[in-house]
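For reference, the structure discussed in these notes is given below.
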């Protein structure tokens, strides 16, 4: 690809989306972009941010604006991270290795997926100093979960993110049409008995029986902070606190699981209110601009995580594309902070926003 022309035009995350579409096969494009059923929630994740209006404050001396913050006590350069998404090799040959390098270079957290297409060892080798959390799909075989968690600990991952919203797979029509799952395998979900990789379609073997009482077992086998991903209600947020987990990611799986649930940003408010500051709350779903990041933080999120935009960056330019996506969003967020009168992340609060009737 030449260094002029299209390169110059990628100035926002949706530019990367359009550019990635041109480079990907139909089945891969559908896999990334697809939502469940009618994709109501997928689209509302983005639209819901646009229903929130900003209330800027001026004459605040914004000559120095600091985007740095912490998550689970670890320093990050901005409250922006990489959400767990699978099969990065579908869009770029080096897959998750490139993603890990970009995250480390940006000084942010990368949540590595159970369904990564590179081995965990290769991902860690690619960016040994990077801040990584591990996302777990709980398998019915406890021994398999235990093996994987101990492997993750030994590799230096800093938190365990347990996905809650996939007791069964959502109805993703495009993937069914394209029969995509038959062609994908999992490097890291190896059977302790056989040692072979599990095909993706066997992800039907995600535990359907996982319940709140099982969390104590996970806490007994790991010292890693446990983050629950996929909580959308006050009731479940209260139970998370009661069960002594360390964090919640408010998420609807990018609209890929149960359609017609609340947009992530709309669910955030009740979850934050329910935890009463006892644990950190994060968000993924629909974040596309620096204003979106600011709005999520104003409503109580400690950090946001990006899913699809990371894959767009990877599809366009590999590691450099992911770096650019992160850089664009961080710069936009810096601008949003300055233009609303926030000199630090700590100064971002609920008074900066109002819900519009649009």
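If you go along the chain as it appears here, the first residue is 1 and each next one adds 1.
Glycine too: its Cβ is placed from the backbone N, Cα and C atoms.
Automatic, uncurated: that is what TrEMBL annotation is.
What TrEMBL lists as active site, proton acceptor is 253. The Cβ neighbour count for residue 253 (active site, proton acceptor), using a 10 Å radius and every protein chain shown, is 24.
Marked as FMN binding site by TrEMBL: 84-86, 113, 135, 163, 229, 251, 284-288, 307-308. Annotation for residue 135 (FMN binding site): spatial neighbours 84, 111, 112, 113, 114, 161, 162, 163, 229, criterion Cβ-Cβ under 8 Å with sequence separation of six or more.
Summarising the annotation, TrEMBL assigns glyoxylate binding site to 137, 172, 253, 256.
As annotated by TrEMBL, domain 'FMN hydroxy acid dehydrogenase' applies to 5-358.
Distance between Cα atoms for residue 137 (glyoxylate binding site) and residue 308 (FMN binding site): 19 Å, as a whole number. Within the same chain, the residues at least 6 positions away from residue 86 (FMN binding site) whose Cβ sits under 8 Å from its Cβ are 113, 114, 115, 116, 117, listed in sequence order.
The glyoxylate site is defined by 137, 172, 253, 256, and by the 8 Å test on Cβ atoms against their centroid, the other residues of the chain that qualify are 36, 165, 166, 169, 170, 254, 257. If you count neighbouring Cβ atoms within 10 Å for each of the binding-site residues 84, 286, the highest count belongs to 286.
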